[in-house]
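S.K.: Below are the features I grabbed from TrEMBL:
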TRANSMEM  6-28  transmembrane segment
TRANSMEM  40-64  transmembrane segment
TRANSMEM  84-101  transmembrane segment
TRANSMEM  128-145  transmembrane segment
TRANSMEM  157-174  transmembrane segment
TRANSMEM  247-271  transmembrane segment
TRANSMEM  291-310  transmembrane segment
Amino acid sequence: MAKENGILWALSPMLTINTLSGIPAFSLREYGSSPTRWRVYYIGTYVSLSFLFCFSLYITMRIISSLNYFTKNIDVVAHVRVTWGLYSIFTVTISGYLHFFRRRQVEEVFVELSKLVIGSRVERIRTWVNIQALVFLSFVVNFVLLSGSEIESHRQVSTMAYFATLLPMVWGSIHMEQEWQFYNILLLLRLSTEDLNFRVRSLPDNLKGSLEHRSRTAKKARVLRQLSRLRELQLKSHHTFKRVMRVYGLANMTLSGETLISLAFLLFSVIDSRVFRYKETIPLGFFASMYWIFCEVSAMTFVVTASECLRKEVDRTEKLVIDAMLKVEDYPVRRELRLFALQLLHTPFRSSACGFFPLDLTLFTS
């Protein structure tokens, strides 16, 4: 992917990892791959993920049927471990598999974003995405270590326990990629809004200058055209944002739910150390589990922070439009600014997890 492609070039490390995992965020056909190769890749990915999806659900049902989960004599630690494990494997499997069928919508989102964000920021975005790629690879390596320690502790258990350990590693990595995508989309939308705010801030200055009638009329026409383009740009951003909320709603709800459950069970493990079942002589599994929970909490924190920053930037747009409306005396321009303010009022940028709860800072305090 050449540097001339702007934002898509900056995001190429993420897009490459997405393609390798089977959930490409951008079509291989766009950059040199033949239609036959793309068709083979898509069919192979579909068959592989479908098999993994069915097998994961089978393992989940086997775990439930093989346990006397609802008997009175089951230990509370067993309740914690089974609930935690079943929730993780079931929800992450569903989220990862359904995301594959939204591939085309995700591609369209990134194409729209590449047209919204100014290309001068691509170097900084590229650097940040490279850092994210390294962090994600550390997450995958930690997942492998965690799975290895779990398998080591299941030496006397059936083969089903091995698969119950390995499958969450596959789907958990794919799910983390979804959140990585979602965070970068929020970041790009915020950068696009910053560019829009910079143009709105300069609108009153564009009307100042010569008092000559012809010059002032030309300036007013130029400002009106610019206002029209800014309104259209803001509508495109909001349309992209709403599409993103539809595509990533389930993934956000899964991440938030799993993170909150992990934190609750982590607090319980302080009371009863049998939750992790690691010996003091083998601390690797414990540290890998802590790092896994830390990555989930960090991912949710980054997503919530990006969502909050985007919301504040949109609120700043509304304030700038109102300030410009108070400074401008020309009636046609004030009317366009009033329409712009009304448009901003009816196009809020509020992130949520399938509409159940908002993804903002109140999530940590409610």
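Just so it is clear, glycine is given a Cβ too, placed from its N, Cα and C backbone atoms.
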S.K.: In terms of Cβ proximity under 8 Å, which residues at least six beyond the ends of the transmembrane segment (291-310) contact it?
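M.R.: Cβ under 8 Å, 6 or more out: 139, 142-143, 146, 176, 179-180, 182-183, 186-187, 189-190, 193, 252, 255-256, 258-259, 262-263, 266, 349, 351, 359-361, 363-364.
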S.K.: Which residues, given as numbers and ranges, are at least 6 beyond the ends of the transmembrane segment (247-271) yet have a Cβ under 8 Å from it?
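M.R.: For the transmembrane segment (247-271), the list is 80, 83-84, 87-88, 91-92, 94-95, 98-99, 102, 105-106, 109, 175, 178-179, 181-182, 185, 293, 296-297, 299-300, 303, 351-357, 359, 363.
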